[in-house]
Amino acid sequence: FYRLSARLDGPTYAACAGHLQDLLCQECSPYAAHLYDAEDPSTPVRTIPGLCQDYCLQVWQKCRSIFRFLSADKELIALENNMAKFCHYLALEDTDYCFPHLLANQNLNQNLGLVTANAEGCLQLCLMEVANGLRNPVAMVHANDGTHRFFIAEQVGLVWTYLPDRSRLKKPFLNISEAVLTSPWEGDERGFLGIVFHPKFKFNGKVYVYYSVQVHYEERIRISEFRISPADMNALDHGSERIILEIEEPASNHNGGQLLFGDDEYLYIFTGDGGMAGDPFGTFGNAQNKSALLGKVLRIDVNNNDHGPLYRIPPDNPFLNDPKARPEVYAYGVRNMWRCSFDRGEPDTKEGKGRLFCGDVGQNKYEEIDIVEKGKNYGWRAREGFSCYDKKLCANSSMDDVLPIYAYPHKMGKSVTGGYVYRGCESPNLNGLYIFGDFMSGRLMSLKEDPATGEWQYSEICMGTGQTCMFPGLINNYYQYIISFAEDESGSELYFMSTGIPSATAPHGVVYKVVDTSRRAPPGKCQVEPLPVRVKSKRIQFVPKEKFIMKTPTPRPRLKAMTEAPQRGRSDPGTPPTSSVDWVGQAPPLPGNRSQLSTTLAPSSRTPKPRKGGQRRGQRRKKKPPSAALPLRNGSVRLMEQQGRGRSQGRVEVYINGEWGTVCDDGWSSAAATVVCRQLGFPYVVRATKKAEFGEGASLRILLDDVQCSGQEETLLECAHADVGTHNCSHEEDAGVVCSREEVADW
């Protein structure tokens with residue numbers, strides 16, 4: 001401003017300096033993207049903000065000479081002496097955003113800086129890819145030692161070290177894959193499930209892990225302690241393992257898996273109820289039996305355990321003096337709490353600090369979010385969410401169980417993944433939001449407490465549409481199966497982990513950082529200075545693989561979740577179903593955050609070309625006549641049955657290089673079927689079919705064989721497959737799919 005104003009003579013400065021300053025400052029306006037028509041990357045760069053007609057006329061009459069200093073746009077300067085054309089050139093089609101009227105527009109300014117929401121109230125956020133190629137990443141933790149490293153654990157039993165620049169060390173931090181009990185089966189809940197660093201790790205070098213193990217044909221969960229290697233700060237001493245606690249697991253599911261240290265420096269352990277369905281163990285189940293360690297939140301003291309017992313009981317544990325209870329029990333009545341976290345508290349007032357949030361996976365109807373407190377009963381198996389499950393137990397007034405702060409039905413998701421209350425730095429508008437997800441449906445969700453009533457208000461989270469996420473390094477899509485959430489060392493940012501194939505051996509896991517573009521922290525406020533890390537292993541530089549997807553938003557059906565409890569003792573109609581619906585055996589819905597194609601055509605990969613002649617986005621354009629039907633593109637699909645064209649089910653036929661052909665069922669899976677159903681506009685895949693269930697396409701060539709998909713590809717051609725036309729099968733192995741527009745459970 002001072003540089004340009006020095007070029008003005010006295011009278012011009014007196015009349016125009018204010019306008020000059022106003023126009024320059026619009027580059028920092030919250031609406032700069034609109035004022036400079038910068039949302040569409042194909043439009044020419046605009047050097048002057050969009051001006052309202054009356055303001056432009058006023059400036060033109062007295063101060064049009066200042067535009068020579070503000071812009072090098074020759075076309076604008078050429079129009080300087082024609083007021084009508086000059087102001088038309090600087091106009092915006094959307095007059096709500098022209099300067100200066102937008103400053104007084106209440107509709108635009110009343111929610112300035114709030115998280116962007118679409119018409120359905122879905123909060124639009126963006127993501128940044130942090131790590132990829134992981135096999136079911138179940139946890140991401142930090143050492144709290146000033147290095148700002150993060151450590152990502154895979155279900156198979158490996159933990160990797162990542163440096164602040166997102167590079168990974170080739171040598172694993174921990175490798176106990178030989179001891180960990182798991183399998184490649186999709187949905188196997190056993191494995192390496194949790195890891196936490198001691199609060200004084202910087203001084204004692206201790207790390208605690210939670211994993212499944214088999215001992216003499218008996219399945220157990222094991223809590224072990226390791227020490228850092230004296231020779232390498234990025235590796236644990238594998239010979240230092242000490243088993244702190246082992247608990248027999250009567251079934252292979254509901255294994256819990258969370259480890260946390262509280263502000264009290266005690267170790268919190270979250271166990272499942274032992275598995276099967278309905279907690280059938282004993283008279284009232286494991287969860288209600290305080291003498292059992294399953295279905296509980298445990299709290300133990302592992303401090304100063306180098307001599308004497310491996311752990312002690314904290315003196316204020318609630319059942320320390322109850323002869324019928326295990327002294328380790330901190331809270332009970334839980335089914336399978338999957339991912340818990342302590343609230344760091346509001347940054348300035350620390351309000352909420354120390355609250356313990358957990359997601360508890362439900363049985364057949366509801367998933368729930370709890371705030372865990374000492375000595376409390378969280379209701380399972382008497383209650384599932386707010387609903388009665390075991391009618392007799394539910395009617396027992398002596399239970400005095402604590403109801404969840406929120407519960408949602410299985411139409412929204414079938415396996416909750418607990419998250420964190422955001423207390424970060426970079427996205428201040430998210431402060432106080434409890435952000436969590438669902439493993440099965442892929443939904444991201446949030447809760448916000450009303451301080452006046454104490455009630456928690458639900459908002460769904462969706463990926464930003466349009467230009468919301470169109471920034472370098474940001475993406476707007478993620479893999480469906482949300483496994484876990486995490487914070488970084490400074491507590492400033494929130495992350496989550498998900499995968500496209502929920503198998504402990506499938507390297508499709510990705511770690512994402514949550515980003516809110518509606519308001520960012522001031523530059524430099526959130527910077528950290530990591531302490532140096534001595535590296536002895538080779539570094540593997542991070543290479544992002546996920547891409548931004550330009551899409552049109554598709555409204556989701558709004559489903560009402562439960563936020564109020566029914567009267568105690570009253571149950572829902574019907575009896576409790578007998579089968580569990582956790583990870584195993586569900587027909588996976590398509591990722592809700594991916595756009596659904598309404599035609600069978602493969603999407604075009606061409607980017608829009610800049611318009612000729614420098615036409616501005618704000619000017620009205622002539623409509624083009626309707627175009628002819630688009631030609632088929634490689635990767636288009638159709639469904640065929642023996643009687644002809646299929647609607648929602650049939651043999652899969654794919655169009656490649658000018659001809660239709662069939663697909664062999666070698667490797668054909670629900671992930672591949674997901675790709676096909678999405679192309680055809682169906683939100684759900686029921687199953688993938690084999691052995692020419694819908695007839696043989698004998699008149700066609702077999703074009704694809706050995707198809708391996710993650711479920712996120714746009715077409716089958718993006719999946720791994722044999723060369724087109726190369727196969728070792730016959731039409732008796734033609735693959736098919738069954739798609740659906742509604743969720744179909746228990747197929």
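Backbone N, Cα and C atoms are what each Cβ position is placed from, and that goes for glycine too.
What TrEMBL records for 547-645 is region 'Disordered'. Sequence annotations record features per position, and here TrEMBL assigns compositional bias 'Polar residues' to 593-607. For 608-625, the entry in TrEMBL reads compositional bias 'Basic residues'. TrEMBL lists 637-740 with the feature domain 'SRCR'. Per TrEMBL, disulfide bond is recorded for CYS709-CYS719.
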Residues of the domain 'SRCR' (637-740) by DSSP state, where helix covers H, G and I: 16 helix, 39 strand, 49 coil
PLDDT averaged over every residue in the domain 'SRCR' (637-740): 89
Sparsest-packed of the listed disulfide-bonded residues (CYS709, CYS719) - C-beta count within 10 angstroms: CYS719
